[in-house]
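S.K.: Pasting in a structure now, in structure tokens, and then I'll have a few things to ask.
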Amino acid sequence: MASSGDKCTIAVCQMTATNNKEENYDIIDKLVTEAAAKNAKMVFLPEACDYIGTNKNETKSLAEGIDGPVMTKYKSLAKRNDMWLSVGGFHLKGSAEEDKLYNAHIIIDNNGVIKAIYKKLHLFDVDIPEKNIQLKESNDVFSGDQILPPIDSPVGPLGLLICYDLRFPEVSILLRKKGTNVLTFPSAFTSGTGQAHWEVLLRARAIENQCYVIAAAQYGKHNSKRTSHGQAMIVDPWGQILAECIKYSENTPTNASIAIATLDNTKLNKIRQDIPVFQNRRDDMYQLVDTSKQEVPSIDAIPFYMFNSHKIPSSTVFYRSKHCFAFTNIRCVVAGHVLVASLRSAKRLPDLAPEEICDLFLTVVKVQKVLEIVYKASSSTICVQDGPAAGQTIPQVHCHVMPRSNGDFNQNDEVYERLAAHDKPGYEQPIRKLEEQIAEATLLRKYF
């Protein structure tokens, strides 16, 4: 945690955004300036702080790209105030071919540089007629495909989420396991659901994950169709509310305010030490694994991959995930016979961590689907020879993936005899030329 030792002062904001982007920015400017005067090092803005449209067409038409004028203003604001900004929900325009937007949580540092962009995973599609709630976010918004790792920030490792993500505790737990100290939920909770669930959910996420929770909020009457709950708050890892803004009241239709608190890393560590929840978790009985899209280096970022003592040229690798890689074979039992191996040199399946095992088999399934398309196969044989007695000749976890078709062997189980013999001296098929392996890998890369 930066700032002064283990402590950092932050501000959480709430506002009543409308479809007027200039007025919304002016409000944000005032809130950030006020926070800077109170020595905050980071300011957290709510979801949809750029604008809230009155209808679907307006919402789309007002959206901007990441280099548009509104984001440019936010970056200048951060730099001018020497302040980190959490832009809690920005309507991020997609490509020219895309007719939907992304709901993006964007972190800007005090130099005006964008440090992270999280795209909301869970979209709010809800119809509750008796409470006059009818929203279908997926009509206008693409869902994200990645759980971002914690971001280094003045408050420490920061987990980025948005609004409806609050109702899905698994993501918060995964972020905590990845090292997060602070969970953020910039939101625009409706007045009905906010009154019932807002505070309860925020305090629960703080307690169960032993994290600070920061929740900026939209407040009040945005237009004739939409009213938000407000009550932006900061919760400590014990579940205590350190600071909060007002809840929505019909007598106060709009509000723009901040709440200030100091986060204390020493306090957080003491709570985790006293009640070691994550050390007491039964990971041998249950697991949460991040299967979202991962940012990994390109296949050709390194010249070769180690398969135990063997160097596999990157040109023969056609897919890489976080923990494994897939490559073409030097000698095939059937056409399209490839290998998926762990990146780490683990000898047997039990030597892999649960996350590595999950990644391995998810990759195998992904590779299987592609091979069946490319080789027009109707089935696949998938085999792990786990240990020397099982036929493993290279002591590193790997899986054989072989696309199968009717009649490819006289006896179907002959494939296992061929597999056991294919890497032995005297096998009927010669070792493939490197050029042939590269050509196959080049073809397969097009499908990932």
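Each Cβ is built from the backbone N, Cα and C atoms, and glycine gets one as well.
Caution: TrEMBL annotation is automatic and unverified by curators.
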S.K.: According to TrEMBL, His310, Asn329, His400 bind substrate; identify which of Gln385, Gln411 is listed for that same site.
M.R.: Gln385
S.K.: According to DSSP, which of helix, strand or coil covers Tyr416 (site 'Important for induction of apoptosis')?
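M.R.: Assignment for Tyr416 (site 'Important for induction of apoptosis') reads helix.
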S.K.: Using the Cβ centroid of His310, Asn329, Gln385, His400 as the reference point for the substrate site, which residues of the same chain not in that list have Cβ within 8 Å?
M.R.: Leu339, Ala341, Thr393, Ile394, His398, Asp423
S.K.: Could you tell me which of these recorded positions, His310, His398, His400, has the fewest other Cβ atoms within 10 Å of its Cβ?
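M.R.: Among the recorded positions His310, His398, His400, the sparsest Cβ neighbourhood within 10 Å belongs to His310.
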S.K.: List the helix, strand and coil residue totals of the domain 'HIT' (303-411) as derived from DSSP.
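M.R.: Computed counts for the domain 'HIT' (303-411) are 30 helix, 34 strand, 45 coil.
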S.K.: Which of Asn329, Gln385 has the fewest nearby Cβ atoms, counting only those within 10 Å, among these binding-site residues?
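M.R.: Output over binding-site residues Asn329, Gln385: least Cβ neighbours within 10 Å is Gln385.
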S.K.: Taking every residue in the domain 'HIT' (303-411), what is their average pLDDT?
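M.R.: Looking only at the domain 'HIT' (303-411), pLDDT averages out to 94.
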